[in-house]
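Engineer: Dropping the structure in here first, questions after.
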Amino acid sequence: MPQDPMDFEWSYWIEWGRGHILWLLAGHLLVSQVSRLLVEKYKPWCLMVYGMAACWLLLGIKGFAVILLHAAISFAVAQFRLSLLTWLSSLILLSTLRIPAVEEAKRKWYDTENEYYLLLFTLSVRGLFCTSFSLEYCWHGPAQKSSHSFLWMLAYVFYYPMFHNGPLMNFDEFSKQMRRQETFSLKTNLSILIVGVIRIIFWWCLAELMIHLMYIHALYSSVPSLEAASYWALGGLALAQVLFFYVKYLVLYGIPALLLQMDGLKPPALPCCVSLMHSFTRMWRSSLIILLICHFAYRYIYVPMGGSQSSLLGMLFSTALTFAFVSYWHGGQSYLWYWGALNWLGVIVENGIKRILSISCIQDLI
């Protein structure tokens, strides 16, 4: 039975995975385990060199040079230790990805659109990693200069399991865990690998069944079908959409998470099932989106701007700024600004109702 061709993200990453990325991840696993067994002290540098070689192989010398250039610019700006300047640099670098002339120049480097999109996605995600390193550099004193060197930045930026699509681990967590030397047990790692592979295969098969049998995205693209459907059918279709999104990212983020475990790192927790959530705020704290962009925005935008610890207006502003960055990072199209505004409104309404219900006289009335 033919599959639903309308989910670009799943089709795109599965095609790249089968063609190159899964093989390169297997190579990373081999390098990682050999280095942990023989040269644990030099493991970060072995993995850095491997990540650079994998980047060069997939994106070519020009793609590799652009990523290296972005990292060098971010590191140079971070030397001023000004968070605002770091943010300005990061936003400018991100905006260069949307300049038509620059886009056309990069397209000419590759034979297919898929190769260009791989560079685009990789640069977007690497931008988050460069910003994470730079802000952590700004927040730490000169005494920790050795742990925030350019070499450590490269080890972080070119760490291959999180290279193309995330998930995100902030620099401090990465460097702390990567420096930690643990007793290596081949038997333990083998059992982790076997169990992890079985789980990922199960999720993968489930996602393939959904995309071959349910045709969720094709229905969404058919206006007459949507107009003819009842409200109950539309609700079921919306639920099926978010459930497929959840299963899809169990695969796309489950594979890197397994490799992080094999490297002796603690991966970000995989998302909670959306069907188990009743709180809009909890959805943003526990859903799969937080594994990448919202985890980043929460740590580097929401909390520094005051977050829930600030006044009501401060919380409204920090939340709005967080969703504004999420919308801009995803592309900044008009529908993304509407999406960000509606999500901001949902979080604000829910938190407002919680504050009202926490008033003692309201609780007594209830």
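Note: Cβ is positioned from N, Cα and C throughout, glycine not excepted.
Worth saying up front: this structure is predicted, and the values here are computed from it rather than measured.
So TrEMBL lists these for the protein:
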type	residues	note
TRANSMEM	20-39	transmembrane segment
TRANSMEM	46-69	transmembrane segment
TRANSMEM	75-95	transmembrane segment
TRANSMEM	116-135	transmembrane segment
TRANSMEM	150-169	transmembrane segment
TRANSMEM	190-211	transmembrane segment
TRANSMEM	231-251	transmembrane segment
TRANSMEM	283-301	transmembrane segment
TRANSMEM	313-330	transmembrane segment
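What's the neighbourhood like for these features in this structure?
Structural biologist: Remote same-chain partners of the transmembrane segment (20-39), defined as residues 6 or more beyond its termini with a Cβ less than 8 Å from a stretch Cβ, comprise 13, 46-47, 50-51, 54, 57-58, 160-161, 164, 184, 186, 189, 255-256, 259, 262-264.
With a cut-off of 8 Å between Cβ atoms, the residues of this chain six or more beyond the transmembrane segment (46-69) that come close are 20-21, 24, 27-28, 31-32, 35, 39, 106, 109-110, 115, 118-119, 122-123, 126, 151, 154-155, 157-160, 163, 263.
Residues 124, 127, 130-131, 133-135, 137-139, 150, 153, 304, 328-329 of the same chain lie 6 or more positions beyond the ends of the transmembrane segment (75-95) yet place their CB under 8 Å from a CB of it.
Taking Cβ pairs closer than 8 Å, the transmembrane segment (150-169) reaches residues 13, 16, 21, 24-25, 28, 44-45, 47-48, 50-52, 54-55, 67, 71-72, 74-75, 118, 121-122, 125-126, 128-130, 132-133, 175, 178, 252-253, 255-257, 259-260, 263, 265, 267-268, 291-293, 295-296 in its own chain, all 6 or more past its ends.
Same-chain residues lying 6 or more positions outside the transmembrane segment (313-330) and placing a CB less than 8 Å from one of its CB atoms are 91, 94, 124, 128, 293-294, 297-298, 301-302, 305-307, 336-337, 339-341, 343-344, 347-348, 351.
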Engineer: Should anything in the same chain at least six residues away from the transmembrane segment (190-211) have a Cβ under 8 Å from its Cβ atoms, list it; otherwise answer none.
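Structural biologist: 3-4, 7, 10, 240, 243-244, 247-248, 250-251, 254-255, 258, 261-262.
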Engineer: For the transmembrane segment (231-251), could you work out the same-chain residues 6 or more beyond its ends whose Cβ comes under 8 Å from its Cβ atoms?
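Structural biologist: Contacts with the transmembrane segment (231-251): 7, 9-10, 200, 203-204, 206-207, 210-211, 214, 216-217, 219-220, 270-271, 273-275, 288, 291.
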